[in-house]
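A quick write-up on the structure given underneath.
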Amino acid sequence: AALREGYEHFDPRAYLRNNYLPPRADFSSEEFVVPWKLRCLAETFASGEIRGRTLIDVGSGPTIYQLLSACDHFEEIVATDYLAVNREELGRWARGEPGAFDWSPFIQHVCKIEGRGEPWQDKERRLRDRLRRILPIDVHRPEPLGVPLRPPADALLSAFCLEAVSPDRAAFQRALAHVGNLLRPGGHAVLLGALGESFYLAGPARLPVVPLQESDVREALAAAGFALRELRSYAMPPALRTGVDDVDGVFFAHAQK
């Protein structure tokens, strides 16, 4: 209940300013956090192993960067978020409306690291075309969408969601198991999340986060029925500790159900 109340004050534009504009969104060096996240995603999807009909993105927030490398490998992408304001922000970008957040620097960077010489506008168009649904979700319910996803997703992606909406590690583990219900057996899960973070700011909202260590991520994946394929971590440098959160680092995990 306290988490729900806090999220009533969530400001998507403030969240985007805090995390997806400089200094954190600095593409001049791979040492910065946003290029690191984009490279983890690009390298993982470049293997071609994670593919299929449907990818579900759990807790998309107001962001699409996490879908850029994935969109080449799926016919349909389903974005989800608990908050209507985030779903509206995603919809504005998907429809190409004036005033939507400008993700073009991210798209250009992903095209550069993927190295196929593709015009970035083509990738933008493809993601918009494949982003078919933007749905409400509650990861604390055994059926997070309210009804089973039919057919189940071939892959699941979630970035900075589960630890930010769970009051403790047990709730994080349960939420991971719940979203795992959206995935077919053998399907892949790709997760990005915060390490050692206890809060973050999004405008007037100061939102609690369950502080995770790598060992917590490993244990939660195993308990939720996933086999861990890869786990990477990034230490947040002092220059990027801007006061909008107290994050120590970021984890990237690839697991299989």
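Residue numbering: from 1, along the chain as shown.
Using the three backbone atoms N, Cα and C, a Cβ is placed for every residue, glycine included.
Taken straight from TrEMBL:
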type: BINDING; residues: Y15, Y20, G59, S60, Y65, D81, N86, D138, V139; note: S-adenosyl-L-methionine binding site
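Compared over the binding-site residues Y15, Y65, the count of CB atoms lying within 10 A of a residue's CB peaks at Y15. Between the two most distant C-alpha atoms of the annotated S-adenosyl-L-methionine binders (Y15, Y20, G59, S60, Y65, D81, N86, D138, V139) there are 25 Å. Its Cβ taken as reference, V139 (S-adenosyl-L-methionine binding site) is surrounded by 23 other Cβ atoms within 10 Å in the chains shown. Cβ-based neighbour count (10 Å, all protein chains) for N86 (S-adenosyl-L-methionine binding site) stands at 22. For G59 (S-adenosyl-L-methionine binding site), applying a Cβ distance below 8 Å and a minimum sequence separation of six or more within one chain yields T80, D81, Y82, I137, V139, S158, A159, F160, C161, L162, A164, V165.
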